[in-house]
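These come from Swiss-Prot:
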type: BINDING; residues: H83, H182; note: heme b b562 binding site
type: BINDING; residues: H97, H196; note: heme b b566 binding site
type: BINDING; residues: H201; note: ubiquinone binding site
type: TRANSMEM; residues: 33-53; note: transmembrane segment
type: TRANSMEM; residues: 77-98; note: transmembrane segment
type: TRANSMEM; residues: 113-133; note: transmembrane segment
type: TRANSMEM; residues: 178-198; note: transmembrane segment
type: TRANSMEM; residues: 226-246; note: transmembrane segment
type: TRANSMEM; residues: 288-308; note: transmembrane segment
type: TRANSMEM; residues: 320-340; note: transmembrane segment
type: TRANSMEM; residues: 347-367; note: transmembrane segment
Amino acid sequence: MTNIRKTHPLMKIVNSSFIDLPAPSNISSWWNFGSLLGICLITQILTGLFLAMHYTSDTVTAFSSVTHICRDVNYGWLIRYLHANGASMFFICLFLHVGRGLYYGSYMYLETWNIGVLLLFAVMATAFMGYVLPWGQMSFWGATVITNLLSAIPYIGTNLVEWIWGGFSVDKATLTRFFAFHFILPFIVAALAGVHLLFLHETGSNNPSGLNSDTDKIPFHPYYTIKDILGALIMISMLSSLVLFSPDMLGDPDNYTPANPLNTPPHIKPEWYFLFAYAILRSIPNKLGGVLALVLSILILMIIPLLHTAKQRSMMFRPMSQCLFWILVADLLTLTWIGGQPVEYPFVVIGQLASVIYFLIILFIMPITSMIENQLLKW
């Protein structure tokens, strides 16, 4: 008799995705981040749901309701900090996941890659709107500054900004709609993640060598289920340590001051995971130019498959490309640091240099280096 997991309509889907899925035998721990992102998303949805039970999206009571959650709700402080630091964990996993894709040439699976970039945009939008909800100083001014960027769009800009605000400034209407969007977007992210997996399972996973692995496949369960569980335990222990020992390490002290439209904080900056893009935005003196650079800094991921000139898929056997990849990582870390610094010399110049290097490496240096490597390997 055939096993129920292979015949039952619902079990069949689970079976072909997580149990009998043929996986390459040599995928390393860099392939763990997909499952870790799934765990992050589930954690965020659950903690967010419990927070939403006690939160009020009104300018008068929003800040107080978050304080109430931390002080009066059973384990409210734990739920709130799990949610806030869970977002940081989410982005750490996201950046590592994208970095893995770039290093090993996983972007050659076009549909999977492009949906992944859409997912990145959706998660960034969700995180931005979530940061506005506690209605602290940085929430209010962050929302004001970032939404105001849309006014750089010619002709319709100002109308668009006021339409998003629901008035002539960031106020009650803005907070209410941001809460609504922040609630719905994670479910859209979950649906997109399902499509992401669907397309991935059409082709099967890539592997570190970048070579076809059809001749050497192993079942996902038990080999990679146990490996994913280990990864999950490590991530959960890291998140728990962060939440229980230094929950405010990644936050901004300004956000413990209630929002005040009459008092601008000295340094307006987003959460750490947006600082690299914020630094690129600030490095261009023109408003529209800065906004375009900001959007392109992420959108550029979509054209990476078109810039692949190497005859090999992975960077595993391409030392020159490897060096460039790590220079790009260092450049992004530099941008992240600059994004958190005040707008003054020498930070402005460093930011401009790092921004130029970021686009140069991706658009020109990487493809040219790959072509040189082809010549050196006589391919």
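Using N, Cα and C of the backbone, Cβ positions are placed for all residues, glycine too.
The structure, with features from Swiss-Prot marked on it.
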residue	record	Cβ within 10 Å
H83	heme b b562 binding site	21
H97	heme b b566 binding site	20
H182	heme b b562 binding site	21
H196	heme b b566 binding site	21
H201	ubiquinone binding site	14
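Here the candidates are the binding-site residues H83, H97, H182. The one whose C-alpha lies nearest to that of H201 (ubiquinone binding site) is H97.
The distance from the Cα of H97 (heme b b566 binding site) to the Cα of H83 (heme b b562 binding site) comes to 20 Å. If one looks beyond the transmembrane segment (178-198) by at least 6 residues along the same chain, the residues whose Cβ comes under 8 Å of a Cβ in the stretch are 17, 37-38, 41, 44-45, 48, 52, 55, 57, 112, 115-116, 118-119, 122-123, 125-126, 129-130, 132-133, 143. You'll find the Cα of H83 (heme b b562 binding site) roughly 24 Å from the Cα of H196 (heme b b566 binding site).
Separating the Cα atoms of H196 (heme b b566 binding site) and H182 (heme b b562 binding site) is a whole-number distance of 21 Å. Following the DSSP three-state reduction, the secondary structure of H196 (heme b b566 binding site) is helix. Long-range contacts of the transmembrane segment (226-246) within the same chain, counting only residues at least 6 positions beyond its ends with a Cβ under 8 Å from a Cβ of the stretch, are 29, 32-33, 35-36, 39-40, 78, 81-82, 85-86, 88-89, 93.
The list of residues near the transmembrane segment (77-98) in space but at least 6 beyond its ends in sequence, with Cβ under 8 angstroms from a Cβ of it, reads 30, 33-34, 36-37, 40-41, 43-44, 47-48, 50-51, 66, 69-71, 116, 120, 123, 127, 130, 235, 238-239, 242-243, 247, 250-251, 271-273, 301.
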